[in-house]
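I have placed the structure first, in the form of structure tokens, so that the comments after it can refer back to it.
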Amino acid sequence: MTIKSLRLKNFRNHKNAHFTFSEGANLILGPNGSGKSNILEVLYFLAVGNFIKAGVDKDVISYNEDFCRTDAVIVENEDSAMLSGSVVWINKTDKTVKSYEVNKIKRLKNKFLGNFYAVLFTPESLELVTDSPSLRREYVDFVLSQVDFKYRTYKPLYEKVIRNRNKVLEKIRNREASQTQLDYWDIKALEYGKFIQEKRDEFFNFINSNIAESAGTLGLKTLNISYLRSSISKDRLEEYKLKDIKAGLTLTGPHRDDFEFLLSKRNLKYFGSRGEHRTTSLSLKMCELKFIKNKTGIRPALLLDDIFSELDGNHRKTVIELCKTQQTVITSADKNLVPEPLIKNARTFFL
């Protein structure tokens, strides 16, 4: 699967831009602030349906405009599809409406996803080891939502159930509702939550069966991931009921999951060096490429956002090898940081 072309209209600082990509390596060069990362943000949006850098969707619309749009032609074997996304800002209500299209036919988000697959590696990816549990959950959700229709359908339904359950918990705490009003939301939370955690189990089992090999090539031979499951079950919800009422929040379930990276049984969040964090993040991305290929039979695009300043020679060699096996889009502010073999074979764009 490859991105043949990309057109941007009113997306951040790209008022009207068009790119035609090669099937191999593509290099986007430009100074900081020129909009290199914005291109990768759009490409990743086509894979996950969200803008990962935006505080709110309105932020992606160019200044003094009320909409933005992206159109991309995706090719798989001899078939092609146009994937489009847009954000419209409604001035009167200060709200945005996000829409998705496949071949100019509007689709719901869960039907839009699965038409393009991508793995994104940025300097911020290095923070996955040390950052908050919510960032790590978001990472897993982005990966699983690309490859599993039921997961990307159930995940927002679960989130809605938890919001409604929390409202009931607050009412019970304020003596405005009875505990029996939790029964329906408990049933739905169990239905969606169990499935989500089953799929996360599958993901971590796959990663752990591959990450030692990936990390071993980079010098970390005993790396694995521990899935910290905040289990959801009928008994568990009953056990937590009084605590939940007191807090006005649902305190157990997949929205409380986390995972940690262990090297020789030590949590790298607390004991790892910057170099070990770098190696761990790259190893995880290598496994993510394998996971998506394993689930879909399709090699995802690899999006590398200005990462070479963070990588030493050994890590750079690994990235070069990855770029040989799938389409890659690379950004850099400094051409001298990009390995020569990539420059030699890449289609280059200057911003």
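Cβ atoms are placed via backbone N, Cα and C, with glycine included.
Summarising the annotation, TrEMBL assigns domain 'RecF/RecN/SMC N-terminal' to 3-337. What TrEMBL records for GLY30, PRO31, ASN32, GLY33, SER34, GLY35, LYS36, SER37 is ATP binding site.
Among the listed binding-site residues, namely PRO31, GLY33, GLY35, the Cβ with the most fellow Cβ atoms inside 10 Å is that of GLY35.
The 10 Å shell around the Cβ of LYS36 (ATP binding site) contains 22 further Cβ atoms across the protein chains shown. Same-chain residues with CB within 8 A of the center of the GLY30, PRO31, ASN32, GLY33, SER34, GLY35, LYS36, SER37 CB atoms, the ATP site residues themselves not counted, are THR331, ALA333, LEU351. Under DSSP, SER34 (ATP binding site) is assigned to coil, being neither helix nor strand in the three-state scheme. Within the set of binding-site residues (ASN32, SER34, SER37), the lowest number of other Cβ atoms found within 10 Å of a Cβ is recorded at ASN32. The Cβ neighbour count for GLY30 (ATP binding site), using a 10 Å radius over every protein chain in view, is 16.
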